[in-house]
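Trainee: Dropping the structure in here first, questions after.
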Amino acid sequence: MHGGGPPSGDSACPLRTIKRVQFGVLSPDELKRMSVTEGGIKYPETTEGGRPKLGGLMDPRQGVIERTGRCQTCAGNMTECPGHFGHIELAKPVFHVGFLVKTMKVLRCVCFFCSKLLVDSNNPKIKDILAKSKGQPKKRLTHVYDLCKGKNICEGGEEMDNKFGVEQPEGDEDLTKEKGHGGCGRYQPRIRRSGLELYAEWKHVNEDSQEKKILLSPERVHEIFKRISDEECFVLGMEPRYARPEWMIVTVLPVPPLSVRPAVVMQGSARNQDDLTHKLADIVKINNQLRRNEQNGAAAHVIAEDVKLLQFHVATMVDNELPGLPRAMQKSGRPLKSLKQRLKGKEGRVRGNLMGKRVDFSARTVITPDPNLSIDQVGVPRSIAANMTFAEIVTPFNIDRLQELVRRGNSQYPGAKYIIRDNGDRIDLRFHPKPSDLHLQTGYKVERHMCDGDIVIFNRQPTLHKMSMMGHRVRILPWSTFRLNLSVTTPYNADFDGDEMNLHLPQSLETRAEIQELAMVPRMIVTPQSNRPVMGIVQDTLTAVRKFTKRDVFLERGEVMNLLMFLSTWDGKVPQPAILKPRPLWTGKQIFSLIIPGHINCIRTHSTHPDDEDSGPYKHISPGDTKVVVENGELIMGILCKKSLGTSAGSLVHISYLEMGHDITRLFYSNIQTVINNWLLIEGHTIGIGDSIADSKTYQDIQNTIKKAKQDVIEVIEKAHNNELEPTPGNTLRQTFENQVNRILNDARDKTGSSAQKSLSEYNNFKSMVVSGAKGSKINISQVIAVVGQQNVEGKRIPFGFKHRTLPHFIKDDYGPESRGFVENSYLAGLTPTEFFFHAMGGREGLIDTAVKTAETGYIQRRLIKSMESVMVKYDATVRNSINQVVQLRYGEDGLAGESVEFQNLATLKPSNKAFEKKFRFDYTNERALRRTLQEDLVKDVLSNAHIQNELEREFERMREDREVLRVIFPTGDSKVVLPCNLLRMIWNAQKIFHINPRLPSDLHPIKVVEGVKELSKKLVIVNGDDPLSRQAQENATLLFNIHLRSTLCSRRMAEEFRLSGEAFDWLLGEIESKFNQAIAHPGEMVGALAAQSLGEPATQMTLNTFHYAGVSAKNVTLGVPRLKELINISKKPKTPSLTVFLLGQSARDAERAKDILCRLEHTTLRKVTANTAIYYDPNPQSTVVAEDQEWVNVYYEMPDFDVARISPWLLRVELDRKHMTDRKLTMEQIAEKINAGFGDDLNCIFNDDNAEKLVLRIRIMNSDENKMQEEEEVVDKMDDDVFLRCIESNMLTDMTLQGIEQISKVYMHLPQTDNKKKIIITEDGEFKALQEWILETDGVSLMRVLSEKDVDPVRTTSNDIVEIFTVLGIEAVRKALERELYHVISFDGSYVNYRHLALLCDTMTCRGHLMAITRHGVNRQDTGPLMKCSFEETVDVLMEAAAHGESDPMKGVSENIMLGQLAPAGTGCFDLLLDAEKCKYGMEIPTNIPGLGAAGPTGMFFGSAPSPMGGISPAMTPWNQGATPAYGAWSPSVGSGMTPGAAGFSPSAASDASGFSPGYSPAWSPTPGSPGSPGPSSPYIPSPGGAMSPSYSPTSPAYEPRSPGGYTPQSPSYSPTSPSYSPTSPSYSPTSPNYSPTSPSYSPTSPSYSPTSPSYSPTSPSYSPTSPSYSPTSPSYSPTSPSYSPTSPSYSPTSPSYSPTSPSYSPTSPSYSPTSPSYSPTSPSYSPTSPSYSPTSPSYSPTSPNYSPTSPNYTPTSPSYSPTSPSYSPTSPNYTPTSPNYSPTSPSYSPTSPSYSPTSPSYSPSSPRYTPQSPTYTPSSPSYSPSSPSYSPTSPKYTPTSPSYSPSSPEYTPTSPKYSPTSPKYSPTSPKYSPTSPTYSPTTPKYSPTSPTYSPTSPVYTPTSPKYSPTSPTYSPTSPKYSPTSPTYSPTSPKGSTYSPTSPGYSPTSPTYSLTSPAISPDDSDEEN
C-alpha cells in the first residue's frame, strides 16, 4: 500500500496514503444526495413475490443480494460492490441518542427564544477561551458551557455590558453593542432530561404558554438550532462545515448498505434478516403510520405516542443498552445488536476487526524440543510446509528452479500452488491437469511451498514483550509438530507440556529483510528490559555442562574425536592432551575452551562458591573449583553453571554477544548444546527413588527437630493461655502468637532441609540438578526428603473453617501445628489425609491467584501499551509522542539503548580519601615505583618536565571533583551503575590482544593517557550543538560515563594496574568510541511500547495478593499488582497510605525524643485511652454513689468554683487506661482542658491525680439557670439528661482529638535494619558509614502538616500517596516519587527493570504538567486523535464526540495507521528513502528474453560452482524487471542516455554543457549510492569482506542471492550476452570504435594492435589507468593523494587533504564505499597500495592517461567503477591465475579489467586473431556472428555465460567460477557507461576521440589503417576544434576554461598544475570531499 504500487493483486488501482481522517455529522441534504434510493425507503418488507422490492429494505440498488447477482447501482458483484446507503425520510424529526447530551449542552448555551449565545461573544472571557482552545473544540464547549450555566436571562445589549463593567461610551457605540448581542431579554428555562425526552422548565411562569414545564419536541429544538449563526457555532466548539447543531437531530435516517446487514439464508427458502434490518423495518413501519395519522389529522395524543415510539426505535437502533429504557428484543427475547454494540468492546468492530485481524499464511501446532537445531531455526512439519506458500517473482535466474517446482505442482512437497501471470490471472496448480505444460515467463509470480531457509515469525501467546515474536529460519522436518531449540523457550515462556505456537510466513522481501535484520532470534539475545540475555543454557545441557567442567572429567582420544565432530566451528586441530602418560587424556575444560568463541574474558563464580573465598590471603585459590575464569577464550578454572551460562547479566553468553556479535553467539549456543549433549549421552544422567533417600542418622535428626519444634509451639500456646505472652509493639496478642509459631515451624523446616541436603553425596542426581541451576531448589530437595512444612492461606496458617476448628477431626480451638496445617511428613514418606487436605488448600489458593492475576496484569499491560504506543525516538534524538510533544529530551536521559549497557562499578565513589589517593593519584615523586611501571625514557621525562607534572596534578584534581559530584548523585554510596562499554573488560581484552606482560614496564606516556581520555570524551556526543543549553544537556547525558572513563583510564592505573602499551591504548580508545556510538538509541525505535512491555512483563510474574512480612512489627504496605494498579491509576485513596518520617538532630538518635514526635503526630481520641465508661444517677456529689471516688470528689466540692445547683444529677464517669496514657504521654489535665475547650461551660469536668490508682474523669451537664424556671413547660422538647449524656459520651469518645493529626491513625517507630533506610554519612576520611536513626512510619498521610512539625526532616520525609505529593510538592517531585514507588514495587520480588523504562512511564504520566492516569480518564483526555482514543476504550462515545465537534485525526499515531491498514510511522516506517533519479539511468536491464540462464542444469550459471542452499536465487530478489526497467534503463538504447549513437546523452553537444568535455564527467554516469547496484555500507548482505566491494552485490542487486556462499554466483542478470541493450552486436557497440574500452574483449592484449609497450597503452588501457580514480585497483584505499600511490605522479598531490585515504568521509559520493565499511578498510591487507599489482611503476599506472580528469566529480575514488581488481590483470597472462594473490584482492567476483573475461562480448576469444577490431566479419549487425565457429553465436544458448563449460580462454575462467562472476551488473567493461573513464562513452560519439593528449593517434599501436580509427577521420580529427585537447572545454582538468593545450606547458599531465590541489582545477574542492 505504501508508495502507490499496485497492492497484492486484489485491486489494480493505485492507492495513496490517507493523510488525515475528518469526522463530522452528515446533513440531511448530504444524506439524500448520497442515498441511492430516491424518495427514501417506504416499505418495511424486503421482498415481494420472491423478488427484492424496490423501496423496500433489501432494495437492489443498495447492493448485491444473491451471490450470483450484480448491484443495480454499480454493477459490481458480491466481492466488488461495497454497498450503497439509502435513506428514510422521517415524518417528524427525532433526537439522536448519541448526541442527546451534546444537544442539551448546546441548548443550555443559547437563548431558548432567539438562539443567541447567552454570553456576548465580545466578552473578554470568551475571547480568552477562543485563544486558549485552538484546535480543541471540546474544551471550548466545556468552557463556554460553564460561562453560560449561570445565565438565566437572555440579555439585551446594555445590561449585558454594564454587568461586565465594560466602559460605556455614549451614542452610536451603544447601538452597535445592542445590535452586536441583541438578546431578547427573556427568561431561560432549565433543560431537564427524562428517558429520551427533554423538558424545559421555568422558575417563573412562562410568558407564552403560561406553564412552568413543557415537553421539548425535537422540532422545537431543531428550530432553535437552525437559527444559531456559524460564528456562534464555532464558539460552541462545532465546526459549521462538518457538524452544525441542527444536524444532530435526525430528520433523514441513513439506511446502511446491504453488505453491512447481510441476510443469512437458512436451509429452505426462509431468509434470516440481520438485527439492523429488523430494527429498520420497525422504524419504517412506525414512520409510515405516523405520516398516515398526521395526514388524516389524528388526535394529538395518538401522534405523540407514535413520535415516542419512533424515537424509541431510532434510539435503540443506535444503542440498545440505554439506561432506563427497555431493550428492543427479537421475538425470541434476545436483545437486538445495535450499532453501538457492533463497535464497542474486545470483539467489536474496532478492536476485533480493525486493530487485530486473523491473518493468512499462519500455522499453529504443538511444540516439541530439539536441541540439534540452531537457536534461530524452527522445525516445521512437512504437511505445513506443503500448505504455506511464498510468492516468488520469476527472473532469468530462478526460472529453471521455479519451472521445476511448477512441474511438480501442489501434490509433491517442494512444489508450488499457484502461478500468477503478469496480467493478474491466477492459475491453481492443485486442479491443473498437466502443470508441466505451463510455461513461466519473467515477471510471473509463483507461489511456491515454504522451504528450508525461509524466514518466518514465530510467536507464543500471550505476547508480553518483543521477544515473544522472533524471526526464525525454517527447517523442514518430518512429523507434525514445530520443533525449537531449548534455549529459546525462556523468551517465549514456553514449555513442552502441550503448548502451541504460531508461525507466520512473511510474504514480501522487504518484510523478510526487516525480520532478518531486526527480529531474528540471535539479535534478541539481550533484552533492553533489564540489559541481560533472555536466553541461557537450560535443562539437560546445563546439568551436563556442570558435570563436564568438573576437575575429574577426562576423555579418551575416541571420545574427543567424537565430540569434535559435533563442533561446527572446529578448525581441524585437536588440542594437546592434558595428560600424556600412560595414555593421552583430555579434560572437559579443554573441550569446552574450544566451544568458547574468540578472545573472551570473563570472571564469574559457581553457585556453590563460598563468600569468604573472595577476600583474604587465598583469594586466588579456589579449593572447590568454584571461581570461573575464562581468559582469552580459554576456560582456565571453575565449574560452569547457571551463573555463567544462564540469563544473568555479565554471563558468558552476554559477554559473547557484546564482544563477538549476535552471529557468533548463535553458534556458541548451538555448539554448547551439540557437544555437551553428546557427551551426556556417553556419561548419562538419571534420577531415581534412590536419590531421594537420606541415611538413617539424618532421618533421626529430622524427627528430633520436628519433635522439638512441636514442643516449642505447645509452650508458646501455654504462655498465651496464661497471658504471659508480651505482644510485640504494633501487634495484637494474636498476631504476636501467630508470628512466633510461624517462626518456630519455618525454622524447623529450614533446619531439617539443610540437614537433609548435607546428607546427600556429591554424586546425588537431585543435587547435581539443583547445583547446576537446571531444575529445582533447595526447598524442593528438603520437601522431598525431610518435611513439606507449613501450609498457608492468604499468608496465615490454615484458618478455622467451622465451629472453631479446621476439620471435624480436631478438637475446638486447637492452635497446635497439626491442626493448623503443618505437614510434618515428606513427599517421599507420603502425607496423611488431613495433611493432604491442607496441602490442597494451599495449592488451590495458588491456582486462583494465578488466574485472577493473569486478567489483572493483562489489562494493566494493555493500558500501559495504549498510553505509550506512539512514543518513539525521533530523528532529533528526542523522545516524542504522536502529536509531537516532547516526553524526554534524550531517551533514558543518556540517549543510549537498553541492550547495550551493563552494570559497572564507579571506582572512585566508595574508597576512603587515603585509598582514593593511593589508587588514583599519579605519584611522580616516587622514582622507584615509576621505574617499575614505566620505561626509562618516560621516567626521565616525567621527573624532569614540570608541565607534565602539572597535567598529572590537574588530572587528579579533576577526579577529585568527579568524586564529589558522584557523592552528591549517589548519596548512599551505591556504586553499581548501568553504563555502556565495560571498560575493565575492554582493558583486559586489550591486554590479551596485544600480549601485554603485566610485569614489564609500559611504554605508554602518562600525558598520552590524559590527553587521550580528554580527546575521547569530546568525541562521545549524545547532544550535538554548541549553544549553552545543548552543552549542558550533553554534559548531563554523558557525565557518569565520563567520570567512569576518567577514573578507569587514569594515568596511575594505566601505569600500575593495566600496563597497556601505546598501541593497545590507542586501540582501546578507538574501541570505546565505536562501542559507545553503537550504544546510542536508534531513531525510530518505539521506546514507548518497549517500556510498557518491560514493565508489564515483570508485573505478570508478581504475586497478586500482599503477603505481609511475617513476624515483623511494621505497618503493612500494599505491594505487587494492587500497588502497581494504584500507581498507574493515580488513585486518590490508596489502600495503605503512609508517610515515612525522618527526624532531625537529637530526636533521630534519642528514642524518647522520637517518641515525643510520634505522640505529636499520632491521632489520639478519647476512646483510645479509655478503659471503660459508665453513666450513673448520682444526685448528691458530696456522697457519691461510686465509693472509690469519694475522697477526691470531696476536694472539688468543698470549694466549688461553680454553681452547684446547676449541676445535673446524671454523671458520666470515664475510667482511663494508665498504660495507654503514658504511652501517648497524655496527662489528665490535658484531657480535661480539651473537654472544656470543646464544650465550654455546658459541661462540668473533674478529674483525679495522674498518679492515682485509677485515672477517672467525672463529667456532668451544667443546666443553665433559665432552664430551671421553665422546666415544667418545656419538658416536651427537651432530651432527658441521661440520653443527652449518652450522646455526648459517644461524641467525646470518637470525635474529640486529644492530640495528633486526624488523618494519621497510627505511627510506628523503628530503627532501620536495612541500609536503604539508614542515614548514610561520609566520615572525615571519606568513607561511607551507615548510621541507625529512628524512623517514624505512619498509617494515613498528611504531608503538609507533618512537614511543618518541629524536629521532622522536611527534606527526606516522604509520602507514598502520589496525589498528595503532587498537591504539596508539585510535578517534578511527584515524577521522582512515582519513579521510586514503581521501582519499589518491581524490585520487591527481586526483578530488575532498567531505569529508562520506568523513567519513560513517569515522564509520560507527568509531561503534561499534571498527573495523567493510565486509564481512560487519563489517556483519552489527551489531544491524540479520535481514532487512537476509540481503539482504547469508550469507542462509541469518542467517535460521537469527534463527529459532533468535527474533529479530524492527523494519522500520526500507530493505532490510526493500523486501522487503515497503512504503514505506521514506526521503526522502518518513520523515514523515507530518497531515490537519486539521476542514478536510475544507469540501472541495468535484466535480459528477460532468454529461455533460461540456468539451462545447463544445476551446474549451470544458477548454481555456479557454489550452489546456494536455496538452489538458485530467490526470485523476488530482482525487482528490476517489474515495470521498473525503463527507469533504470540507461542501458536500453531507447532511453536518452543509452547507447544509441545519436542519443542526446552522448552527443558531444549535450555533454559539453554538462562537462566541458571532460570525458570523465558526464551527467550520464556518476556512481553514487542511488545506482541500483551500489551496496550501501549497511548492505545487509556482505558475505565476505571482499564481497562488499562489488557494487553489484548490494541487496538490491538483482542477481544477488543472499545465501550463495560464493558471493557472486555468476548469475547476475545484467550480464547476459544476449541482452539487447548491450549485446556487442548493437550498432553503437562496434568494438572497432576507437574509444571502445580497451578492456573490452576486442582489444585483446594479444591482438597486434594492443602492444603493451606503447607507453600510453598499458595493458590495461589508459582509460583504466591508475590515475583514473574510477579504476583504481586499490579501490577504496586508492586516493589520488594516497602517498603510496605513485607519489611521483604530479597529479596526485600527496598533500591534498581532501583525499586522505584514511579520512572517514572518504567517499564523498557514495556511502557504499566508506573506508570504514569492513570490507574496505584501507588497512585491509588486500588493499595495500604496495601490493605488487599496484605498484606505481606498473605501466598501468601511468598518470598520463588521456581521459583522466582529476576534477571530474564522478571520478571520486568512491566511484563504484573502481573495481578493486588488479588493473594489470590479464587472464591470458600466465601468472594471473585467479588464485594469484593480487587477483582482485577485494572482490572475488570479477575483474572488469580482464579482457578475456568480458562476458558481454559473447564471441570474444582473446586469442582469436580474427577478432581484431578491424575484423570485417564482426559487423554489428550480424546477430549470430561467430568469429570462429557457429557455436559462438551470441544468441546461441550454448554461449550463454551460464553455460558451465564455457570458458573464453582457459578453463579457469568458467563463468561459473564464483570468483569470477562475469555477471556483476556494474562492471561490465563493455558497457558504455562502464568505460570507467567516460561515463557517456558511446563508441560513436566523437567526444571520445583518440585525440585525447596521451592517446596519440599516431601511436603505431593503433593501426592507423583501421577505417574508423583514422586519426584524420573528421569526427575524431585531433584538430577538430570541438575536440581538440587544446580547446578549453576539453581540458580534463580545466574547469575554468583556461586553455591547457597539450603542447602548452600547463597541460603536461605531469606538470604541477595538474595536481589536484591546484586551486584552478578542483571543482570538487576539498569541502566536497569531506
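From the backbone N, Cα and C atoms, a Cβ is placed for every residue, glycine too.
Pulled these features from Swiss-Prot for this protein:
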type	residues	note
BINDING	C71, C74, C81, H84	Zn(2+) 1 binding site
COMPBIAS	1546-1568	compositional bias 'Low complexity'
COMPBIAS	1608-1959	compositional bias 'Low complexity'
MOD_RES	K1838	N6-methyllysine
MOD_RES	S1868	phosphoserine
MOD_RES	Y1874	phosphotyrosine
MOD_RES	T1877	phosphothreonine
MOD_RES	Y1881	phosphotyrosine
MOD_RES	S1882	phosphoserine
MOD_RES	K1887	N6,N6-dimethyllysine
MOD_RES	K1887	N6-acetyllysine
MOD_RES	Y1909	phosphotyrosine
MOD_RES	S1917	phosphoserine
MOD_RES	T1919	phosphothreonine
MOD_RES	S1931	phosphoserine
REPEAT	1593-1599	repeat '1'
REPEAT	1748-1754	repeat '21'
REPEAT	1769-1775	repeat '24'
REPEAT	1888-1894	repeat '41'
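Describe each of these features in terms of where it is and what it packs against.
Mentor: Look at C71 (Zn(2+) 1 binding site): DSSP puts it in coil. In sequence order, P60, R61, G63, V64, N77, C81, H84 make up the list of same-chain residues 6 or more apart from C71 (Zn(2+) 1 binding site) whose Cβ falls under 8 Å from its Cβ.
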Trainee: Are there any residues at least 6 positions away along the chain from C74 (Zn(2+) 1 binding site) with a Cβ closer than 8 Å to its Cβ? List them or say none.
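Mentor: Result: E80, C81, H84.
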Trainee: Can you count the other CB atoms that lie within 10 A of the CB of C81 (Zn(2+) 1 binding site)?
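Mentor: The answer is 21.
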Trainee: I want the residues beyond C71, C74, C81, H84 whose C-beta is within 8 angstroms of the mean position of the Zn(2+) 1 site's C-beta atoms, in chain order.
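Mentor: Residues close to the Zn(2+) 1 site, other than C71, C74, C81, H84: R61, Q62, G63, V64, Q72, T73, A75, G76, E80, P82, G83, P257.
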Trainee: Across all chains shown, how many C-beta atoms besides its own are within 10 angstroms of the C-beta of H84 (Zn(2+) 1 binding site)?
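Mentor: The Cβ of H84 (Zn(2+) 1 binding site) has 22 Cβ neighbours within 10 Å.
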Trainee: On the 0 to 100 pLDDT scale, where does the repeat '1' (1593-1599) sit on average?
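Mentor: Taking every residue in the repeat '1' (1593-1599) and averaging pLDDT yields 35.
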Trainee: Can you tell me whether DSSP puts C81 (Zn(2+) 1 binding site) in helix, strand or coil?
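Mentor: Once the DSSP labels are grouped into three classes, C81 (Zn(2+) 1 binding site) ends up as coil.
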